[in-house]
């Protein structure tokens, strides 16, 4: 296994980390409309992810920075090619971050309601668009001989990619729902468990179609295994949820996300962005990667820093392990 | 849609707008994180309530500010790929590494520990909670360090070789990129300027309250801390500016000649105080100069030859082929002056304040004040009259934003002064832009960012004003009785959280 293969795996790990973690906080954002019945419940939801959403989001920044360093051509092609969808995602992330921080800083009802609306939409839109983006990456896009994206915005909004968007949206919402059941007390916890079943069934159907489609178009043996794991763990997550095993339900919905991302990257390898115009114009781990020296430095960084990050982020979840309910939310203004 | 503009013009405007905007928040974040950490340390060590109230007050302003810094920083991570894809392809091997280091080391630090700090008041024992804000502070410093190393490489590329076959620059010595003199001087200069900025912010707000005789114990402490930060930060900004300037005279003589509108080399060279000239003709019509000072700034003596814009342009043409290697001279010239002028105005205000509010040194005993009194402003032997006192407080309030202006112009000067290069001597800006991103797309993104940033600026400033006016909060029981166990003490399972969104 050469270093650029190692880095393909590491980039996959970073995206997996991002979707696993920000996946549930996007989901919780969506639930502010889907599950919460009143303002107090909205605040319970927001506060389940309050201490952690920012750290979750850094997985994306790290995936971006690491792609820049390890696969500059991939970074350049992807982000210039997906210009407008990425712009939409960035705008959402900007507004979303400010919304969490500023919502409770004024007592006016209008002020808070506006930020709550913002939290819902800025969670929903990226949850959908990341699926669209990855759908396109796996399926391949129109790249020319210079690895420049020469398609249009319309080309990116093809049925396969849009289905991918619905899969991530429903999967993240499910992940957020089982997370809510795990992190709250009171009535909202019960309703979260009920909702998880509905969202989970929708996610399961969409994911099954998407994974089959992917498998038929470009899959192989290993990706089939990953798809199988994804679907099986999703079903198991719903079973655990019905049985009231909230920790297991969350773990298993996490496994679903991990397996689905693994499936996409397995299908992709050794390409990082296939060209639909000419296979010779595809970006691969070889022609997109950095020099061995840079990859070596990056590998040292990853080996030393990533376990540390996992350790202190894990510790954060342990510090904030208590469940919260409406009784724990103090007067809205500080 | 195709406007009669160079393809890189719009992308440069967008980068300029989003980056200058982002950098309004960065220096305040860097300095306030450390200052809040210092105040909280004072609370933990002395248990004096004024320090905890100060921590909470400045901490709130810090959080309002860092939220904007974080979200506007996200754009920066992706903008190279979006708008400067040819740049990314060409330099990613070198330039990507410090960015990845920044993300994996600094961003994770900052974002994780800020969450712990915000929500940790009733979940973490006092000392661990304190450690969290120090971690945030370290994160902000590391983040700035890595990104400045990346920028320094654009100013003065080292530790790389050209790979002709792949048509790109490749890293050969990462350590050199992190430790070259451009990096160290830029880091020194930016860190000092950050503390100058935070000091001026603190002094201005403390002055606002002291003028109204409100929240005196907290604001008195804050004033002192702010003044010391401002004076020390200002001093180091001046020193590091001087050393960075000398480095730049060696590495980018054109930038520094443009900074002085020195068209033709002179020996000894004068420092220009004011100039108005004809850029096309390449000379100044009006010039007010201090003889020999520029030679001193460039080479530490009053006699040396300093090359001018025209000489340097010829030298660069010889080296890199025909072309115009001049940046926009008026921007470099005035940017340089505004940077120094606004920065040093704040520094002077800090020095003056430090003298006026001295506690004992050469201060008649009668004018020494206690913890809950507004300090007298004593020039020599007597306090200033109420009018002059008020004038000083007002000056502090109205110059609060001076360092922000200085920072912005400093970056505009250093980036525009490097043109036409994006990587000095290696890659031109016109070759760096994304070839497949249309002008319509850039106009879209630029308008959306500008509009959104403008709206957020209004919201942010209003929030800051609200919390500044509200003053330091009263302390609650849970503030004064922090938990002893990680995760919080279990007394009452239904007790509300100390902080919630």
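Cβ coordinates are placed from backbone N, Cα and C, and glycine is handled just like the others.
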- Query: Pick from B:418-441, B:442-465: which stretch is listed in TrEMBL under transmembrane segment?
  - Reply: B:442-465
- Task: Among B:166-184, B:223-241, indicate the range for which TrEMBL gives the feature transmembrane segment.
- Result: B:223-241
- Task: Examine the ranges B:391-412, B:479-500 and name the one recorded by TrEMBL as transmembrane segment.
- Result: B:391-412
- Range from B:57-75, B:187-211, B:223-241, B:442-465 with the greatest count of C-beta pairs under 8 A to the transmembrane segment (B:336-356): B:223-241
- Task: Please work out which recorded stretch in B:20-45, B:187-211, B:223-241, B:442-465 has the most C-beta pairs separated by under 8 angstroms from the transmembrane segment (B:391-412)?
- Result: B:187-211
- Any chance the transmembrane segment (B:442-465) and the transmembrane segment (B:57-75) are in contact, meaning at least three CB pairs closer than 8 A with a sequence separation of 6+? yes
- Cβ pairs under 8 Å between the transmembrane segment (B:223-241) and the transmembrane segment (B:131-154), at least three: no
- Message: At a C-beta cut-off of under 8 Å, are there same-chain residues at least 6 beyond the transmembrane segment (B:57-75) that contact it? List them, or none.
- Response: 18, 21-22, 25-26, 28-29, 32-33, 35-36, 39-40, 110-111, 114, 118, 133, 202, 205, 218, 222, 449, 453, 456, 460, 463-464, 467-468, 471-473
- With a Cβ cut-off under 8 Å, give me the same-chain residues at least six positions beyond the ends of the transmembrane segment (B:131-154) that come close to it. 26, 29-30, 33-34, 36-37, 40-41, 59, 94-95, 98-99, 101-102, 105-111, 113-114, 116-117, 120, 124, 160, 177-178, 180, 182-183, 186-187, 190-191, 194, 418, 422-424
- Same-chain residues at least 6 beyond the ends of the transmembrane segment (B:20-45) with a Cβ under 8 Å from one of its Cβ atoms are 51-52, 54-55, 58-59, 61-62, 65-66, 68-69, 72-73, 75-76, 126-127, 130, 133-134, 136-137, 140-141, 144, 190-191, 193-195, 197-199, 201-202, 225, 229, 233, 403-404, 407-408, 411-412, 453, 457
